[in-house]
Structure formats: structure tokens, C-alpha cells
Ligand SMILES: Nc1ncnc2c1ncn2[C@@H]1O[C@H](COP(=O)(O)OP(=O)(O)O)[C@@H](O)[C@H]1O
Ligand SMILES: O=P(O)(O)OC[C@H](O)CO
């Protein structure tokens, strides 16, 4: 009987399940969107039970499509939205509060206070992260401080904390396993990326009992078997990685200097920096890519909070397009942006600026400005933000960036991809297999159960790709780049609150 690998991709807006065959081809898939909960401005929550039910549902649906109710599945690989926090009761398995999502800014002031109190250096040295509400630690603390009896129960050892991977494994094994992998642990702000253990000083700072934490494992190993009745037989769970790290692996960026960027709701660029962690001098994050056969691969990361989401905003809030794909048609109705620049800082600015108080701004409009110019400026903004991160990455690493590998929903936009290659002055390569995140999780699981022998065998499966080479005149581009930075600078002047970590003048090196 032909065997498959089941990859579960638990994303911010939907849960997906994809079955891959030995050639790395998709044989079946299922997807379900779930509810986004916005209780207050800046707060974003998910119902952990809906995360689990949607994920279990699509896993069953995809499995049924290839028959045998799971007996033909060699292993499960899990990949997930990162940083998002679930806290649940160990005895009942019931969450004590909704999942607090990575985008949630409720702990921004608390993080600013930690910064004021001089804790950032220590945190950065140990975790590779910048002090920001984005990461898990301050969110766990918020739950313990704000949910009735939570702290008391946590101190009595009754509560478990996990990122979404832990929550799924707990449910798939009916409470038998409380684990995570190094890549997810590295996003919590509680994990020492050098020693690979939960850090006592950080746990004390955030006031989080050690008993809540999952056991940290490699990204590719058999953690245990499913116990649910979803499948006819038990299936080994054999791969776990955060979604951006899984995409880095799925793109086979296995050599230092290889870079991928995923263009989804946000944009996440990761560069493989090899087996030694190195701290960024340009406000990028140092994170763990994966641990495979005992070896840890580190990565530099630049996180952009709003990328494809700006297209959704033009569709849902302004109504100037009806579907996301119409953006390209609208933007190509004009030859250029007509002097319009759009900085879509709806949720502040991420790397390399890290300005939580920045907000979205449109510059340079005149009576001649049409919807098409705004659409074009939105597309260009995705590319400009990516350029700022890539320039920071080039400055940080002594490694030459030969090409940018891309994936994610917005990479279907040819105008965006060409403009990206032009402003970067670097080749942009898009694989024909678009599901690189799920594929990465499948590879990690498949390697653990010898479905694939090694990375070399996986590399031999490469399925072709499309390339965009830079071909526009540099002079015009340089002027556009300068105007983009003028726009970011103006927005930084306007933003309230603490100053950004980096001013626009210093962003490009
Ligand atoms: N033609 C397009 N041009 C630009 N962005 C697009 C296009 N089609 C879809 N998108 C954007 O891609 C995003 C969805 O990509 P996806 O990889 O599924 O994201 P996520 O995993 O973050 O949910 C949406 O934000 C959508 O607006
Ligand atoms: O679920 P995605 O694809 O939007 O990815 C979210 C990231 O993991 C957040 O760090």
C-alpha cells in the first residue's frame, strides 16, 4: 500500500492538512478558516477548541480522500502560527482563556516597562529576540495575572502552557504528550537558544512557573503516536516546526546564506546562518531554524507584520477591489505610482524599525491620484518593506545573498515579484510547489521515520521554479527608494509613544 506523509499547517487564519507522496507532490488537501476574535483594539484571540476542531477536521478530511482512514500514513508533521499562547488545565484539558495570538499588542506597555528597567540586553543575549509584545512570554504572564485563579493553579502545577504545536500534540495524544520543538521554543522569550533549555532567569522575570512548560524536542523525531479515534490506526507524530522555519526547510535553504521570504498576511524573511547563533546589529531576530540529527541550524529573521494584509484591507475596508487577485490588474492600469507612497503600518512597524506606535499612512496624493495609484503603492510597499529587511540581513551577515526564494499567497502577483527583483537588484525565485510550509513539516516528519533517507534525497526531488531577474533602470528605482524612506521617516515623526528602534535614515545600509 502506498504510504503518505500528513502535514498539518495550523496558520493564523486557517487550519490546513496536506498529504504528500514520496516525490513531495500533493495528493490530497483540506482547509478550514476559523474565527478571529478582536475583543478590543489591538487584541487578537482564537478559541483553542476551534483551533483543535478545525485542525482535526481537515486532518480527517484529507486522510479520507486517500482512503484507508489513516493506515496509509507513515507520519504526521506539524507546523504552526508561532508565538501564539494557549494555557490549559492538565487534568481536564480545558483552556483557561482564549489563545492570545502573536499579533496581539495588549502587553506592549508591560514590554516597554521591561525595556525601561534595562532587561532588554539580557533577554536579547539569551533568546536572540527583541523585547516586543509579539513573543509568548508577556502573553503567558498576562493570562496568569488576569484570569481568575490562574496563577494559583499554575503554581500548584495544574496548568500547562504551549504554543499551538504543543496544544495540537496534547490533543492528538489525549494528554499523553506535552512537548514542543526548539524552533517554537525559540519564539517564546523563555528559551535560551545557546544552551537549548528553558531559562530560570527569564522564567523568574516573567513570573512563569517552570511546571507549565512543555518538554523541548528536536524538530524531526518520533515524539509519540496519535491516540484519537480520528484515524483507524495509531500514527507517529514525527516533525514539529514553526511555520516560517518549516518554510525555510521546505525551500531547502539548508546552506548558510540561503534566504526565503514568505508573503502571506505578513512577510517573514529567514536566512540560514549555520550552526552558530549570531546576534543581529540591525534589529533582526536570531532564531532557531530547526534541530535535525542533533544539529541545530540557526537563522536570522526579519518579520513584517502587514504584507498581503494590505491587499485584504484595500478589498475589505476600501472596496477598491473585489478579490485579492484583482490588485494586479488594477495596479497595472497605471505606469507608475504617480508619486504615491503607502506605508501600511496598521499594526506598527516590525523589522527593521520596530515601531509599535506607527500607523498606516498614504503620502503624495494629488487630484490626479486614482485607485490604481493606491493599488500600485500598496504592491510596492510590500516590496519596499522586504527590501529594508533584506538590506539589514546583508549588512548583518558576511554572506552574499545570491537569490531570494519566495512563497506564500501574495507571490502569485507577477507585478510584485518583478518589482521585488528590481528594487532588490537580486534574483527572486518562486518554486512551482507553493506549499513550502507544509512541505517542510512533511520533510521533517518523513526524515524521522526514514520515509526519505536524507536531505540529499529530498533535494533530488526539486520540482522546477520561476525566476524574476532585475531589469529596471536603477536611477528611477533609487529615486523611488529614497521617497519610500522619506515616507517612513515622516510616519515616524507623526507616530506617538516611544521612538522606533531604528530611524528610516539608518535602515538602509
Ligand atoms: N494577487 C495577489 N496579490 C497580492 N496579494 C495577494 C494576492 N492574492 C492573495 N494575496 C494575499 O495573500 C495573503 C494570503 O496568503 P497566505 O499565504 O494564504 O497567507 P496566511 O498563511 O498568512 O494566511 C492574503 O493576505 C492575500 O491578501
Ligand atoms: O500563520 P501565518 O502564516 O500568518 O504565520 C504567522 C507567523 O508564524 C507569526 O510569527
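Using N, Cα and C of the backbone, Cβ positions are placed for all residues, glycine too.
Curation does not apply to TrEMBL; its annotations are automatic.
Bear in mind that the values here come from a model prediction, so they are computed numbers and not experimental data.
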Request  = With 12, 13, 14, 308, 312, 409 listed by TrEMBL as binding ATP, identify the candidate in 262, 265, 369 belonging to that site.
outcome  = 265
Message = Record says 82, 83, 243, 244 bind glycerol. Source is TrEMBL. Which of 110, 134, 223, 263 does it list for that same site?
response = 134
Key: Most Cβ neighbours inside 10 Å, all chains, among the binding-site residues 83, 243   = 243
Query = Looking at the binding-site residues 82, 83, 134, 243, 244, whose Cα is closest in space to that of residue 16 (ADP binding site)?
reply = 243
Query = How far is it from residue 134 (sn-glycerol 3-phosphate binding site) to residue 413 (ADP binding site), counting Cα to Cα, in Å?
reply = 28
Remark   = Expected list for ligand 2 (Cβ under 6 angstroms, binding-site residues 14, 134, 312, 409, 413) reads none
Note = Taking all protein chains shown into account, the Cβ-based neighbour count within 10 Å for residue 244 (glycerol binding site) is 28
